[in-house]
Every structure is written in C-alpha cells, then in structure tokens.
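Asker: This is the structure, below, for whatever I ask next.
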Amino acid sequence: MNGSKNGTAVANSTNGLDDNGLMVLESVSIIIIAILACLGNLVIVVTLYKKPYLLTPSNKFVFSLTSSNLLLSVLMLPFVVASSVRRDWMFGVVWCNFTALLHLLVSSSSMLTLGAIAIDRYYAVLYPMIYPMKITGNRAVLAIVYIWLHSLVGCLPPLFGWSSFEFDRFKWTCTVSWHKEISYTAFWVTWCCLLPLVAMLVCYGVIFRVARIKARKVYCGSVVVSQEESSSQNNGRKNSNTSTSSSGSRKSLIYSGSQCKAFITILVVLGTFLTTWGPYVVVISTEALLGKNSVSPQVETLVSWLSFTSAVCHPLIYGLWNKTVRKELLGMCFDDRYYRESFVIRHRTSRLFSISNRITDLGMSPHLTAMLVGGGQLLGRGSSTGDTGFSYTQDSATDVMLLESYTSEASHSAHCTANKRRSSVTFEDQVDHIPQGDPSVVQVTADIHKSLDSFASSLAKAIENDAKLQLLGEWTQIPTSLFTVRNTQRVPRYLDGQRLRMESIDEGIVKDDDDDEEEMEREEKM
C-alpha cells in the first residue's frame, strides 16, 4: 500500500511539473505574440500616417486592418498574458465583457477587411479602366465604415441575451459561450467568416488565372518583343538565331518564375487566413454542436494561440511586403545611412512621387502619366506600376496583379537593361537609378518639382486627350501648359545641344557644334 501511494505521489508531482512547464511555455509564447503584434502594427500605422501619399484606396484598407490589430494588442493582449499565468480572470465582469466584445469585433472586422482587400485587387486586375472611378478614396472609407458596422452587428447580440460572454481558462481570455447558442454561432460564422473566405477564394483564384495569362506576354515588368520584330531583326544570321533561342529559353524560365511567385503570394495570403482562423472556427463550431467538453483543452489553447498570431502576420503580409512601404520605413528608421545616400534627389522629388501616384490612381495610361511628370517627353511604351498593387501594360487589355514583384530587384535590373528593353518601373525607381553624380538630372528634377502646380489647370484636358487616344484612336495636342517644366529654367548647355542636334538629324540637316552654339545664343537673346 505504501509503495502504491508513493508511486501515485511521484506521478502527480511529475504531472505537476509538466503542467507548470506547459504554462510557462504558453505564457512566454503569448508575451512574444503581444510584443510582435504591437511593434509590427505600430510601424505600419506610423509609416502610412506620416507618408500621406501612401494612403491610396488599397492602403486605406491596410491602415484599417493594422489599426484594429494595434488596438487589440494594446487593450486586450496584456490581460491575456496575465490570465495565461494565473489561469483565472482578475479584472472584473465589466472588463471581461469589454475585452470579449473587443476581441470579437476586431476579429470580425479583420476578416471582413481581408475580403475587401481581395475585392479591391480583383477590380484592379479585371477592370483597370473603371477601377479608379469605382474604387476611390471616399468609397474606400465608406467601405471601411460599413465593415465596422457589419462587424458590430455580428458582435452585439451576446450583450442582449443571444448567447453570453464568459472567461475560458483554456483560451486565456473572455469570449463568447459558443456552446450555449448554436443559432448565434452559426450566425456569426456565416456573417463574419464565410463571406470574406468566399470572397478571397473567388477573387484570388481569378487573379491567379489572369496572372498566368499575362505571364505569357509580360516578364520582368517589361513588354515582350513580338515574334515578328524578333524575326525581322534576325535575317538568317546564325548567331542571331542562336541568341534568339537562348533568349526564348530565358523568357520561358522567367514566365515560370512569375507564375510561381504569383502563386506563392496568393498561397501565403490564403494560407495565413486559413491557418490562423480556420482551426478557431472549426473548434467553436464543434463546441456548439457537440458541447463544451467535446474539444480537448490543448486544442482550445492551440487554436486561440493561432488566432492571436494573425495580428502578427497581417502587418508583414499587407504592409512590409509592399516595396514602397518598406522603403519608406527603412528611410524613417535608418535616416543617416539609408535616407541621406540620395538625400538631394529624394527630398526634391518626394512631392513628385505623390503627384505621380495620384495621377496613376486616376487611371491614365502610362505614356500620358510619364509625359505629365517628365515634362512632355514620352518615356516609351511600357508599363507603370501604381500603389494600388497592379501594373498598367499598354500592350494588354488587362492588368497583371503585383501582389509582390514577380521578380527580385536584382533580376529586374539584370533582365530589363539587356537589349535596351523598355522597363516597367515606378517613378521612384527611375529616380533611384539616376546617377548621383549628374548635376543636370538634379536640376531638371528640381524644375519639375517647382512646376507641378501648373499641372492642375490642364489635367482635365490631358485626361480627355488620353481617353480619345485609348477609345477612338485619336490624338489631340496636349496643352502646352503641361510642358512648361522644360522652360522654367535653363537646362545645361550640352543637353540643349543634344536636343538641337537630334532635331536637325530628324529634318535631314547636319549641323556642326559651332552652328549649334550660335543658334543657342540666338534663342537666349530672344
């Protein structure tokens, strides 16, 4: 008898040690989640707030998402940490109801916002011509307000008797008593979970299908040279044929890489949603159907832990994955080393980026946008990427979704500079690649910066001309006031000489340098 009692005591002590170790592990994990969620969402909110040009309609949804997650990490997760240590609620009934309502509200709004982001990108890809008119900044704000009201409708019933809030020691927090009202559980799952899930599956599925189609024509952000042009340039030359064959192989590899990266990005978005919220929905549905004790405590703890990790994943996927947001964040954090490397160009063109992004959001074609910002000089047919997460391609009727750049920056510069192909880059990327030692470029950039105010008066006419070009094939002269940037200040003499020399060549007249200088002097006197 004494031996059996001693064995039982040893087993109980061992179980106690295991339970204590598990409690410590759970507490440490939730502390790490709380810190990462707070920091991650805070940096995205601050970056978007301090850089207003980043608040495009698409990024307004990201701002709402990260703001709600930041609110959750500050007002709720610290109490979850305390409850995970004590295995009890110590903050009263009122605060229990408040944290339960806050958790349910933020969770519902986050899932619905993810569905809204999917719909926004769906319209950006499939309907690029009407996207800027349909998805405006004001409508994005209205959609966000509706999302919060929609979530509030789904979260208030427990306060009025349809189910209730209670502390669940295995979920570490106060939450809905899912097992008490099957009808409310079914209502909340349908109202706040299934709707965004269906929207994401449909929208991202169509986006990936369009990306596969566009990957056959667009690679590395460049317009693919047509087969006729390639054959005309290779008139029976053996070396040229060999080069063309190798180039075609590289294109095929790039196409496969583009599709793979698009698939990986969509897989990450959907996979994160299903991994963080899927198990939680399954567990609460099981509790509602089979009772409270139908799910083991370890599973309850695990699904709660996964649901909290969504607050860490959202700023990473929808914030830091964005190249522009990431660059601005690095510029804010490492001001001395990162931001001052090209301080003059970045400082003088910060407003240029803001204006150019707004012009791109108006839905104008890339060549017109480039002409507006470049002072009337066409940058060539190609593509232009806006902050809405998609790229305009003039050779295509639809746009390719850029959830993330299909190729890395290194491969972009390597492939897009070969054979003088016209690359598809943003205006910020164009400025980043300008040689820092060229004073003329800085001067021209400053001229553009000073003359941007004159664009507003003629912008409507420019949009009208662009619409005629796109829809009717007509081209009318763009107002000259748009191009006054070239005449505001005198550009360097050698640039004027190059311009005059090119004009004379086009007219069939060859002039020497002395004639060019004399003509330039006459223009200055006039």
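Glycine too: its Cβ is placed from the backbone N, Cα and C atoms.
According to Swiss-Prot, the N-linked glycosylation site annotation covers ASN2, ASN6, ASN12, ASN97. The annotation transmembrane segment is assigned in Swiss-Prot to 28-48, 61-81, 99-119, 140-160, 187-207, 264-284, 301-321 on the grounds of sequence analysis. Summarising the annotation, Swiss-Prot assigns topological domain 'Cytoplasmic' to 49-60, 120-139, 208-263, 322-526 and lists sequence analysis as the type of evidence. Feature annotation from Swiss-Prot assigns region 'Disordered' to 231-250, 505-526. Here Swiss-Prot flags 512-526 as compositional bias 'Acidic residues'.
Locate each feature and note its surroundings.
Answerer: Among residues of the same chain six or more beyond the transmembrane segment (28-48), those with a C-beta under 8 A of the stretch's C-beta atoms are 54-55, 59, 62-63, 66-67, 69-70, 72-74, 77-78, 80-81, 84, 172, 305, 308-309, 311-312, 314-316, 319-320, 325, 328-329, 332.
Helix, strand and coil content of the topological domain 'Cytoplasmic' (49-60), in residues and according to DSSP, is 9 helix, 0 strand, 3 coil.
For the transmembrane segment (61-81), the list of distant contacts is 27, 30-31, 33-34, 37-38, 40-42, 44-45, 48-49, 55, 91, 95, 99, 102-103, 106, 109-110, 113-114, 116-117, 120, 140, 143-144, 147, 172-173, 308, 310-311, 314-315, 318-319, 322: same-chain residues at least six beyond its ends, Cβ to Cβ under 8 Å.
Listed in sequence order, the residues of the same chain lying 6 or more apart from ASN97 (N-linked glycosylation site) and placing their CB within less than 8 Å of its CB are LEU159, PHE165, CYS174.
For the transmembrane segment (99-119), same-chain residues at least 6 beyond its ends with a Cβ under 8 Å from one of its own Cβ atoms are 58, 61-62, 64-65, 68-69, 71-72, 75-76, 79, 91, 143-144, 147-148, 150-152, 154-156, 158-159, 165, 173-176, 188, 191-193, 195-197, 199-200, 203-204, 269, 273, 277, 307, 310, 314, 318.
Long-range neighbours of the transmembrane segment (140-160) within the same chain, counting only residues 6 or more positions beyond its ends whose Cβ lies under 8 Å from a Cβ of the stretch, are 57-58, 60-61, 64, 97, 100-101, 104-105, 108-109, 112-113, 116, 120, 176-177, 184, 187-188, 191-192.
Same-chain residues lying 6 or more positions outside the transmembrane segment (187-207) and placing a CB less than 8 Å from one of its CB atoms are 104, 107-108, 111-112, 114-116, 118-119, 121-122, 125-126, 150-151, 153-155, 157, 176, 262, 266, 269-270, 273-274, 277, 281, 284-285, 401, 403.
Counting residues 6+ beyond its ends, the transmembrane segment (301-321) has Cβ neighbours under 8 Å at 26, 29-30, 33, 36-37, 40-41, 43-44, 47, 62, 65-66, 69, 72-73, 77, 80, 107, 110, 117, 170-173, 268-269, 272-273, 275-277, 279-280, 282-283, 329, 403-404 in the same chain.
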Asker: Using DSSP, tally how many residues of the topological domain 'Cytoplasmic' (120-139) sit in helix, strand and coil.
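Answerer: Looking at the topological domain 'Cytoplasmic' (120-139) with DSSP, the answer is 14 helix, 0 strand, 6 coil.
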